[in-house]
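Feature annotations, courtesy of TrEMBL:
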SIGNAL    A:1-19  signal peptide
BINDING   A:Cys39, A:Cys42, A:His43, A:Met162  heme c binding site
TRANSMEM  A:205-224  transmembrane segment
Amino acid sequence: MKPVLLAAFAALLPGVTLAAPIREEGAARRGLAVYHQVCSVCHSLSHVEIGDLAGLGLSDRQLRDLAADIQVAGPPGPDGTPTTRAANLSDRLLSHFPDEASARAANNGALPPDLSEIARTRQGGAHRIFTLLTGYTDPPKGVSVPDGQFYNAATHTHLIAMPPPLADGAVTYDDGTNPTLAQEAHDAAAFLAWSADPHRSARHWLGGVTIAFLAVLAGLVFALKRRVWSRV
Amino acid sequence: MTPATRLDLDPDQAPEPATGSWLERRLPVGRALRREYRDYPLPRNLNALWFFGAFAVVTLAAMIVTGICLALHYTPTEAGAFDSVEAIIRRVPSGWILRSVHMAGASCFFAVLYVHIFRGLYYGSYKAPREVLWLSGFVALLMVMATAFFGYVLPWGQMSYWGAVVVGNAVAAIPLIGHPLAGMLLGGDAPGAATPMRFFVLHMLCGGLICAVLFIHIAALHVTGSNNPAGIEPRSPADTLPMHPFYTTKDGVGLCLFLAVLLGLAFLAPALLTEADNYLPANPLLTPPDITPEWYFTPFYALLRSVPSRLGGLLLAGAALAVVAAVPWLDRAPTRSARFRPLARPAWFAMAASFLLLGLAGSHEATGFWLWLGRLAGLYWFLHFLVLLPLIARIERPLPLPTSLA
């Protein structure tokens with residue numbers, strides 16, 4: 001029975017690592033820039049607090065700079081008018097639209113989905129996000145695209161309500177990476193993969209350590225068991 | 001008729017004289033523990049399938065510890081439930097570890113219980129004198145199923161919500177009391193504002209009840225003693241070994257491997273066991289294209305959907321469980337272990353296969369092939385328990401039984 005179990009584990013491991021190859025801390029950090037400069041215009045990341053971005057390896061200083069750059073709704077002014085204030089680390093990355101109706105009104109009736117878990121809830125995960133972001137092309141001859149829709153080879157209907165968000169040079173990276181469309185899409189996908197599974201690397205490390213520990217312990221207990229049972 | 005008094009007892013059975021420490025003389029817990037968990041005689045031929053009872057106890061303990069920690073951070077409201085679970089997996093310190101283990105633990109609990117139950121069915125562990133042991137285990141299974149369902153609804157994702165809708169509809173299909181009962185359960189006509197708090201309370205309550213039923217299950221086990229692969233009672237002291245050190249070390253090896261599976265699933269392959277749709281917040285206006293329960297409920301889900309009647313489906317799913325509870329009275333063959341039963345043995349494999357096929361059917365859309373596969377597998381399930389087992393008991397000629405376990 002034991003070799004069977006071990007073999008089952010060995011078979012699982014490569015599948016686990018293959019599951020999400022778009023994943024690298026530098027890429028995810030650059031993806032934050034893509035999100036901040038482009039995606040966040042329409043989308044939200046409403047379950048992520050700015051402080052959570054420390055998980056991407058951002059320093060406290062970088063987080064505070066980012067927070068200072070984000071405006072959120074503040075308390076009403078003395079005469080009841082809405083105000084804004086600079087965000088702090090416990091603020092979430094909410095949508096800029098105050099409600100669903102105004103978000104739809106600004107987007108041809110379509111509601112930009114929240115991106116917190118999108119790499120998990122959309123089939124294909126980060127890969128799908130990458131192909132979607134790079135899937136905009138001119139429609140083939142004879143295909144008509146309705147108003148407010150765009151041709152995208154990566155969707156089922158080949159139509160999507162989101163206008164092409166990325167292009168060469170659409171983002172400014174502060175690490176000097178050349179912002180090509182493919183680079184931006186890859187980084188955005190890596191960032192959203194992080195958002196959907198923020199403890200992935202710690203999880204894998206813990207899983208590896210736990211199994212290694214239990215394997216050693218199982219060996220020791222097995223030796224003990226053999227000694228005890230040699231008496232009967 | 002005179003009531004039995006202590007004096008009527010066999011002297012060998014009389015309580016031991018109160019000796020030992022101050023506490024032991026007043027509450028002989030230490031002595032009881034030594035008797036029941038160190039010296040307790042177990043058949044010497046138990047195989048790895050007897051690990052799974054211990055696995056279930058350990059899983060339950062892990063579920064209670066992680067569950068209490070999660071409960072401290074959970075908000076049982078319609079507006080707050082999903083957010084609080086997101087906060088647990090994102091920023092509560094070690095929250096993601098607790099939740100991963102709790103989720104993998106739920107799946108492992110069912111896997112372990114199913115192996116435990118099918119082991120009992122194979123080796124005839126339900127037969128006299130272990131009927132009460134079997135029934136107490138059956139009640140524990142029902143409690144675990146209820147707890148798992150209530151718990152699955154708590155994160156208030158799409159599958160949580162629509163799972164609650166499906167079960168609410170099934171309950172509402174009960175004649176007369178169905179509608180009020182479903183209303184009381186959900187706190188309204190559909191899952192809504194009152195549901196998370198109700199399910200939170202019921203989840204914790206049922207979790208506690210599992211412990212109580214488990215206590216009775218283990219007490220009943222220690223009265224009759226464990227069955228064993230040969231299915232014959234130990235006849236002499238040579239047939240048994242004390243629990244410690246023999247089965248503590250043997251179970252210890254199994255436990256290390258089991259924990260490696262549980263924690264491996266939790267940390268390396270959580271996506272195997274989770275429905276991604278449940279990370280979408282509950283949306284009462286948007287029915288998911290296919291409502292799929294967790295794998296452990298799929299056999300019963302297949303039965304629920306196998307007939308075009310809600311009540312009929314509910315009755316079938318309930319009856320599929322009831323026949324398992326009734327198996328000590330359906331299978332009257334005196335031989336316990338299927339090893340010595342040339343007809344019951346293949347029948348067991350066919351029955352186990354029908355359960356797996358039911359599960360497979362329940363995890364697919366209920367149309368065409370899968371619908372009919374579920375119907376046939378369900379039919380065989382009932383055929384096995386209601387027709388084959390009683391019939392085999394009459395016509396089967398068992399192989400000669402061994403005379404000792406040594």
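Glycine residues also receive a Cβ, built from the backbone N, Cα and C atoms like all the rest.
On the structure: features taken from TrEMBL.
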residue  : record              : Cβ neighbours (10 Å)
A:Cys39  : heme c binding site : 23
A:Cys42  : heme c binding site : 19
A:His43  : heme c binding site : 23
A:Met162 : heme c binding site : 20
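The subset of binding-site residues A:Cys39, A:Cys42, A:His43, A:Met162 lying near chain B, with Cβ atoms under 8 Å apart, is empty. Surrounding the centroid of the Cβ atoms of A:Cys39, A:Cys42, A:His43, A:Met162, where the record places heme c, the chain contributes additional residues within 8 Å, namely A:Val38, A:Ser40, A:Val41, A:Pro112, A:Leu115, A:Pro165. The record assigns A:Cys39, A:Cys42, A:His43, A:Met162 to the heme c site; their largest pairwise CA distance measures 11 Å.
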